[in-house]
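Record features, source TrEMBL:
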REGION    1-217  region 'Phosphopantothenoylcysteine decarboxylase'
DOMAIN    8-148  domain 'Flavoprotein'
ACT_SITE  CYS165  active site, proton donor
DOMAIN    213-432  domain 'DNA/pantothenate metabolism flavoprotein C-terminal'
REGION    218-440  region 'Phosphopantothenate--cysteine ligase'
BINDING   ASP313, LYS323, PRO340, ASP341, ILE342, LEU343, PHE361, LYS375, LYS379  CTP binding site
Amino acid sequence: MKAPQAPHVLLVVSGSIAAYKALDVARGLRAAGCVVTPLLTQGGAAFVTPCALGALCGQPVQGPGFGAETLGTAGQGPLKDHIALARAADVVLVCPASADFMARMAQGMADDLPSTVLLATRAPVLVAPAMNPQMWRHPATQANKALLEGRSVRFLGPSAGMVACGEEGEGRLLPPADIIVATLDCLAQQGLVAGSGQEGAPPCLPQATEQDLKGRRVLVTAGPTVEAIDPVRFISNHSSGKQGYAIVQALVARGAEVVLVSGPVALPCPAGATRMMVQSAQEMLTACQQALAAAAREGRPMDAAICTAAVSDWRVKSQSGRKIKKQGQQPPALELVENPDILATIAHLPSPERPPLVVGFAAETHDHLAAAQAKKARKGCDWLLLNDVSPQAPGGSAFGADTNKIVFLGPSAPQPWPSMGKDSVGQRLAAMMGAFFNAG
């Protein structure tokens, strides 16, 4: 009988530059009480050593040239270990999964220990891809992904951003914290670790095939706004757009039709979403109003609006058409006027333009909870997610970071979430929306 206090994770490390992050994943899973058995492909061994991986897993590494494949004869001794490993696993995590390894999985190849174990196991399989964005978008890779999803393989990412070769796009390995959370959640679904309903437990991540938002239409704002002072200067903020874009990815994965209104960011449009790029707060408000009105006219109004954008509160009353020059020792006097409140405007629209669910974000640096509660009441939104963006924010959750520490404000008492990657925040919010729209 498997011991609930020591769930067994098989960690398959394939050939990707992101393989070094598997060391952090292994360490985190062990800290959570898991037994982690590492399986290293020949390509993976080119990036991380068996010594380092085995030390962090606390288990001998299995794979080409070492471990179970070095001794024994067929059907006895170490060469039958692929069956024993497959049966002992509570979950198999492929991290990272290269394009080549995904293709081999899709074709059912079994020419080394890791691929043989994947064929023999009945345990859930999680795959965390990492590769060049062009390779990820290639039709062959996408076809392999679809084929594996059809076999109930769950994909964790990839996320968008800069990859090792310097290109920007979707193909980065998810942050190790996100992968750890997803793996623990998979174990929680089997009753082997604390479930998502318990305080401090990891958020529940959906199966790749779960489509509980199919047919739902969602408007999302993301990124900063830019308010021009003159042709070369502007007022803005440090928002990267990462959180909003992660939410869009999670919504699309659950079947939602998403319209993304984005300020200037260095992120590609998430696959499956429709994006409108804007600069100023007024442009963002106009784009949102047009999208909401158009959906209402079509007879399919938006079901939700999620305002994650960091909108500039102020703009210059009179923008200069020319670059403002220095005039002696006196700086120019800038008269500022207040920008429109996009979240409040959407929340107070009449039906059917006002979505049934309006979600806001509150980025605060002090008096966090009191300020967020007042903002929720003032704006009129249904849910509000508070995040600390002060320089002292725990876990590096300020603007531009890959993690967030959220306090969820809904109809009941505030709910603190554990610190997690922004991808996990998006998945948790999308899961809550799925439950909201499918309740009863």
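In case you wondered, yes, glycine gets a Cβ from its N, Cα and C as well.
Structure coloured by features recorded in TrEMBL.
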residue : record                    : Cβ contacts under 8 Å, 6 or more apart
CYS165  : active site, proton donor : ASN132
ASP313  : CTP binding site          : GLU338, ASN339
PRO340  : CTP binding site          : ALA281, GLN282, LEU285
ILE342  : CTP binding site          : THR221, ALA281, MET284, LEU285, CYS288, CYS307, ALA309, VAL311
PHE361  : CTP binding site          : GLN243, CYS307, THR308, LEU384, LEU385, LEU386, ASN387
LYS379  : CTP binding site          : ASP341, LEU343, ALA344, ALA347, GLY360
Report summary line: ILE342 (CTP binding site) -> DSSP, reduced to three states, gives helix
Requested in this report: Please give the average pLDDT for the region 'Phosphopantothenoylcysteine decarboxylase' (1-217) in this predicted model.
Outcome: 79
Query raised in the report: Where the record says ASP313, LYS323, PRO340, ASP341, ILE342, LEU343, PHE361, LYS375, LYS379 bind CTP, what is the longest distance in Å from one Cα to another among those residues?
Result: 37
Report summary line: Per DSSP, the domain 'Flavoprotein' (8-148) contains 73 helix, 29 strand, 39 coil
Query raised in the report: When DSSP states are folded down to helix, strand and coil, where does LYS379 (CTP binding site) land?
Result: helix
